[in-house]
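J.: Quick one: the structure is below, and I'll ask about it shortly.
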């Protein structure tokens, strides 16, 4: 007997049904927004990640050499792949390019609740617009997807900021400050102690006094205060852009879910503008549910023409934690409309009924294992069949079948020629 | 600029839409049959394949050592994984177990038309029934899926056989015949010359006279002739089982698509009973479109209790070849119900209309890139928008919007308060 690999989950039908229902809401919402599905490879050249430096992601790659000597890696995220795809067809694609996809990614990380080594994300991105409406549309999609899952403002909030606010404030300090490193410190600040946070800021080039001042300013989250503290064009522009995004989000119905939070920085270096993370409003799920933001420089860094971009990627390991907390995670069980039960040699008639019910789009099972009446009824119960159609030899001699409601246990006989007849979804009630 | 990896495809929205429509038909049909979706990992222990021998698959594995020192491989097929999952929950799962899933697999093979190194399959399996109805249900699902795609008996046929027929005939020969090797030779016979075929049979232990006799017998495909030639219980039972499967397939509506073909052997060693392959009836696509069959011993070989099994796995690289040949491959293009065009500062009203149309389930885009009238209209055309709703500043002063039919180019004005109103899918015709 073989074991699966640590951090790689098997999903059996009950749990998978709940996951599929969740993914369907995200994808249907994306389709309504005009995002178009793409399909992307599991493997890419490892250089797409290792050519950069500083990302934790590089240490977590499932990278190896393939039989042709290529350095390849299981993709730990989608963004570099979609950037490569945009560059490859930059001329033919009409802009804005709006893409989505749901698929697994892989990182060799510590396994814990809500974090597996194989994890699924629905990535949603817009390429080719630097306007605040694009950022707002990403926020609006995320908000609509969340409310489509049954979540409300009581359950989630988007903490939103702008990369140039932190960057612009940091560059006002004298001395040799590593801005990216300091921003990574901010990103970690809610997971570590204040002393550790200030140590990281110190390592990034701030003095301890500056670290304390910077910490206070960021924690307060007052846009006007930040603007006047920095007093630079960059910070003023960033504040204005953030306010424009929030104004567009108001028109798009997502403003009510957004809270300004300057501590929101996002770990990845490629973000350039507005960034946001979705959190449990009640704080019961302590970590970020998912995040997104603007990454205007990535396409150019991949050899393309300058192409602004903004995106978000809800993960299907963390989202269930919030949905369970909120009581909106779907029942982890399979559902069945009809079970067509055969007693004796009634296969041909049972098959006719089964096919007619399936033609109407219903989920219908019939016996394929030559089992007894009781065993079939137990099975019908185990798959949560709503209605059982009993096709028995003796009934058929009278040209009848029996319709059994599985919740009440009641049953009624009806003419076999009249079942299902022209009914779209015949049940016990139709014949009783 | 980075390249993708050879044999790994990017799917852009147009082609992806056609693929998704195809996958939807297969999966919706599977759901109607009561197959339940499962989710499975991309990586497994390499031993799941390397412990066996003789399979070409082993040489094609994307296998490597992970950071924890595990010998792992990208999965080249689903069957060992579902076998592992069945064994892991053998007691709790009610039988028959009916599972499906669509996902990529990976093999380091020669890339050619219809064959990539990353390829997608929809796997459909039944565990826990040795009855012919289970084999027939797999055939019926495959036939319904194919006809659901718009294919008919003019386009495809299932060539069907039974492993014990070939095996039973082969074991009647005196001497040291390697039956598995001989069956692999049969599986290859239509891709090689007759002389090469007979050489392979000779290598498997037959004399050249026996090889010629065996070749004639198999090619004729006459079940009675085979039964009397072998005159063994095993072959008689196999012929009877095959006939029982075909009788059940008759009741299930799939018999008309089945042709007895004793050359159909399937390459993999784990098949034990009925096997079949789907071919282009007209022979224009020369290779097998997909195949399936019964593999009753696999679960036990994985350490589980003896559990009969039967399955099939249409591949999404070969199926499009047949669909294109038959003229039923969907248009490779995106579709859009509405584009809401903004002229001047009309974002709030355009957003209101956009949201109301999306709430009705439609695909609706609006400007997120601050673009001109002409540029928006070009974009609406590029995404095949059916209807454009023009929200202009001057129109709005008169409380009107313009509804434009993109096919005819005609347009009409209507009261903004009345759009969309209580219409489910308002078009130009509703207002003209």
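Each residue, glycine too, has its Cβ placed from N, Cα and C.
All TrEMBL annotations are machine predictions without curation.
Found this in TrEMBL, in case it helps:
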| type | residues | note |
| --- | --- | --- |
| BINDING | A:77, A:78, A:79, A:107, A:121, A:125, A:266, A:270, A:271 | L-histidine binding site |
| COMPBIAS | A:420-432 | compositional bias 'Basic and acidic residues' |
| DOMAIN | A:24-133 | domain 'Aminoacyl-transfer RNA synthetases class-II family profile' |
| REGION | A:407-432 | region 'Disordered' |
J.: Would you kindly list the residues that approach the region 'Disordered' (A:407-432) from elsewhere in its chain, counting only those six or more residues past its ends and only Cβ-Cβ distances under 8 Å?
T.: 337, 349, 353, 356-357, 360, 362, 386-387, 389-391, 395-396, 399-401
J.: Using all protein chains in view, find how many other C-beta atoms are within 10 Å of the C-beta of residue A:77 (L-histidine binding site).
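T.: The answer is 17 other Cβ atoms.
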J.: List every residue in the same chain as residue A:121 (L-histidine binding site), at least 6 positions away in sequence, whose Cβ is under 8 Å from its Cβ.
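T.: Those within reach of residue A:121 (L-histidine binding site), by Cβ under 8 Å and sequence separation of 6 or more, are A:77, A:78, A:102, A:103, A:105, A:290, A:313, A:314, A:315, A:316.
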J.: Over all pairs within A:77, A:78, A:79, A:107, A:121, A:125, A:266, A:270, A:271, the annotated L-histidine binders, what is the largest Cα to Cα distance, rounded to whole Å?
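T.: Among the residues the record ties to L-histidine, max Cα distance equals 21 Å.
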J.: Output, ordered by sequence, the same-chain residues six or more apart from residue A:271 (L-histidine binding site) with a CB under 8 Å from its CB, or 'none'.
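T.: In sequence order, A:163, A:293, A:294, A:295 meet the Cβ cut-off.
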J.: For residue A:266 (L-histidine binding site), what is the tally of other C-beta atoms lying within 10 angstroms of its C-beta?
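T.: The Cβ of residue A:266 (L-histidine binding site) has 21 Cβ neighbours within 10 Å.
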J.: As a test of reading the model: what is the averaged pLDDT for the domain 'Aminoacyl-transfer RNA synthetases class-II family profile' (A:24-133)?
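T.: The predicted confidence over the domain 'Aminoacyl-transfer RNA synthetases class-II family profile' (A:24-133), as a mean pLDDT, is 94.
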J.: Counting each residue once, how many in the domain 'Aminoacyl-transfer RNA synthetases class-II family profile' (A:24-133) are helix, strand and coil under DSSP?
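T.: Secondary-structure composition of the domain 'Aminoacyl-transfer RNA synthetases class-II family profile' (A:24-133): 30 helix, 36 strand, 44 coil.
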J.: Go ahead and report the DSSP secondary structure tallies for the compositional bias 'Basic and acidic residues' (A:420-432): helix first, then strand, then coil.
T.: 3 helix, 0 strand, 10 coil
J.: For residue A:271 (L-histidine binding site), what is the secondary structure state per DSSP, taken as helix, strand or coil?
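T.: Coil, per DSSP.
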J.: Helix, strand or coil at residue A:266 (L-histidine binding site), per DSSP?
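T.: SS state of residue A:266 (L-histidine binding site) = coil.
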